[in-house]
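Note sheet for the following structure.
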Amino acid sequence: MWNVWKIWLCFGAVLLSCSGYTWPLPDQLSAAQQRELKELQEDVETEISDICCNNGLKRCCVETKKSLAERKIEEWKELIDSLKELKSTPDEEKAMKWLEEYNEELRQRQAKSAEANWAQSTNITDENAAKVVDVTMELTKWSLKKMEEGKKFDTSGFSDDVKRQFGMITKSGSSSDEEKTRKVAEIGTELEKIYSTSTACLPSGTCLKLDPDLEGILAKSRDYDRLTWAWLSWRDAVGPPMKDKYAEWVALMNEGAQENGYADKGVIWRGAYEMPNDTLEEMVDGVWEKVKPLYTQLHAYVRRKLSETYGEDKVLTTGHIPAHLFGNMWAQQWNNIYDIVVPFPDQPAIDVSDTMVEQGYDPLRMFKTAEAFFVSIGLRPMPQVFWDKSMIVRPVDREVVCHASAEDFYHDSDVRIKMCTKVNQEDLQTIHHEMGHVEYYLTYEDQKTLYRGGANPGFHEAVGDTIALSVNTPGHLKKIGLLQNIEGNQGTEFQINELLKMALSKVAFLPFGLLIDKWRWRVFSGDITPDKFNTEWWNLRMKYQGIKPPVERTDEDFDPGAKYHIPSGTPYIRYFFSFVAQFQFQQALCEEAGHDGPLHTCDIYQSKKAGAKLKNMLSMGESKPWPEAMKAITGQDKLDPSAILKYFEPLEKWLREQNKNEELGWE
């Protein structure tokens with residue numbers, strides 16, 4: 001005897017379908033709605049065929065189908081909702097109730113975890129570190145318990161949204177062994193503490209912190225030997241204490257992954273991008289091959305300029321460049337050596353740091369300036385709790401993690417930024433980046449807790465940087481009163497200067513953003529063993545970046561630990577993704593804003609249309625696979641480097657002319 005829901009399916013068969021009929025997809029539906037309806041169609045037609053068509057109910061009403069095609073969008077929305085209800089079973093209703101309770105408890109636990117981590121980051125003590133370990137343990141144990149509960153549901157007949165949530169819950173890389181889980185948390189805390197509290201000491205006994213002391217030397221000094229000392233001292237301070245702890249951390253992370261059916265932890269990290277058949281590396285490699293020619297031209301030009309500055313005995317005009325000469329502790333961005341490589345020194349410079357000081361800017365005013373941009377495009381102002389609880393300057397009475405970050409506390413719009421702000425243009429850009437994270441948090445805060453995240457980790461990184469592309473244009477800086485005596489877009493020489501400066505930040509970063517996780521994926525897989533950590537690190541840096549260590553390094557050293565994201569265990573491919581995606585986002589938003597001119601001159605400030613398009617994507621959170629979010633903002637469903645290549649097209653053409661007598665590459 002048929003159940004009631006089967007009768008409804010038969011009614012649906014008469015109304016909606018019969019064997020061989022293709023459902024109409026009216027133009028009024030959005031692409032996302034069409035996809036949703038198509039997915040529902042396929043699932044329901046299968047059930048209709050099995051239950052109704054095979055039981056002699058094959059009537060297909062042509063007029064009814066015709067009326068379906070003529071429905072208004074509101075009626076189609078009702079139809080989609082009714083189909084979801086049609087598919088819902090008592091088991092699914094039970095599952096949805098379980099998910100509702102899960103999401104609420106997850107929210108509360110995430111809030112508790114965020115508070116513990118914030119306390120430790122803004123006041124590094126053994127007591128706070130112990131609290132982080134305890135809270136992490138509680139969250140892990142609860143997640144593992146809920147994962148096992150979730151696996152008891154047969155989700156095969158559930159709606160896509162319910163399936164997605166269960167898929168997120170039942171994927172874990174944590175060990176069920178409580179002692180191992182605690183050890184992972186303890187080692188992670190220890191590694192971060194080593195990074196955040198280490199110093200390099202001069203013969204006089206004066207000890208220098210990474211930020212601002214050692215980073216300041218790398219950025220401003222042009223003394224080859226002093227640069228070598230700062231570069232080497234930092235690595236010698238943090239690397240050796242970390243090496244064995246890091247190897248143990250990797251082993252424990254892999255044990256947890258393997259216990260849950262994964263080959264290694266790297267598989268789980270790549271899984272965050274939901275790429276079929278674990279093809280994330282293949283995708284980013286393909287993107288890199290397309291942007292590599294631009295990087296190679298930039299590398300050759302900078303190499304020649306550095307050789308002219310330091311002498312060919314220190315920097316050859318062929319091969320690899322010493323890693324300590326790029327104005328950055330990690331050679332990841334080269335904008336601090338703009339004074340060395342500037343193409344046309346007589347053109348006016350666009351660095352408003354001195355102007356900011358002259359105009360009385362302080363960290364608070366810098367944050368208010370960033371907020372004003374987001375509000376101008378229709379996004380939310382920072383809530384009062386943001387101003388009450390953020391840490392925007394380095395405290396003088398305690399050790400803190402100065403690495404800038406934004407945090408979501410999962411209740412009452414509690415969002416914060418932690419940053420040791422300095423009054424300069426670079427930090428103004430960083431503030432926009434971090435506030436981009438905050439706007440993302442605020443825009444998707446009404447999503448289920450499971451969906452309170454970026455479409456993928458790279459989306460979160462790209463949002464603020466997209467805004468910064470506008471902020472750094474001369475036109476915008478002039479609008480907000482930070483740039484004077486610059487008229488219009490100036491001439492070709494001025495444009496080349498500005499594009500080169502931007503390339504030193506954006507293009508120079510790409511191979512670094514790629515290789516960090518290429519190294520870690522191979523570490524997790526066992527392809528790189530602890531006795532080869534450092535050798536393989538430098539092999540990748542030489543291969544992708546075309547740089548080399550300024551002094552001999554051995555496998556007794558652990559230079560990966562000198563970069564924050566290694567001891568903190570933060571996946572890094574997100575930054576490579578974001579440095580490409582932000583140009584896709586910018587191109588789409590500029591078109592929406594009606595920008596007329598080269599992409600590198602676009603400023604979306606005060607464009608509510610551009611802001612609405614951005615907000616629509618942000619509101620999706622993690623509720624859909626990232627290609628759908630990408631399509632919502634760009635019209636494309638893939639990571640595409642054509643926008644970044646278009647942005648720098650005038651510069652690449654100029655570089656090719658400058659490098660026509662250079663030996664390109666470094667192999």
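Including glycine, each Cβ sits where the backbone N, Cα and C put it.
In TrEMBL, annotation is done automatically, which means it is predicted and not curated.
Record features (TrEMBL):
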type	residues	note
ACT_SITE	Glu434	active site, proton acceptor 2
ACT_SITE	His565	active site, proton donor 2
BINDING	His433, His437, Glu461	Zn(2+) 2 binding site
BINDING	His433, His437, Glu461	Zn(2+) 1 binding site
COILED	30-119	coiled coil
DISULFID	Cys201-Cys207	disulfide bond
DISULFID	Cys402-Cys420	disulfide bond
DISULFID	Cys590-Cys602	disulfide bond
CARBOHYD	Asn123	N-linked glycosylation site
SIGNAL	1-20	signal peptide
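Projection of TrEMBL feature records onto the structure.
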| residue | record | CB count, 10 Å |
| --- | --- | --- |
| Asn123 | N-linked glycosylation site | 16 |
| Cys201 | disulfide bond | 11 |
| Cys207 | disulfide bond | 12 |
| Cys420 | disulfide bond | 19 |
| His433 | Zn(2+) 2 binding site | 23 |
| Glu434 | active site, proton acceptor 2 | 21 |
| His437 | Zn(2+) 2 binding site | 21 |
| Glu461 | Zn(2+) 2 binding site | 25 |
| Cys590 | disulfide bond | 22 |
| Cys602 | disulfide bond | 24 |
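Nearest Cα neighbour of Cys590 (disulfide bond) among the listed recorded positions (Cys402, Cys420, His433, Glu434, His437): His433. Each residue in the coiled coil (30-119) has a pLDDT score, and their mean in this model is 64. Rounded to the nearest whole angstrom, the C-alpha distance between the residue listed as 'active site, proton donor 2' and His433 (Zn(2+) 2 binding site) is 17. Within the same chain, residues at least six positions away from Cys402 (disulfide bond) with a Cβ under 8 Å of its Cβ are Ser196, Leu210, Asp211, Arg394, Met419, Cys420.
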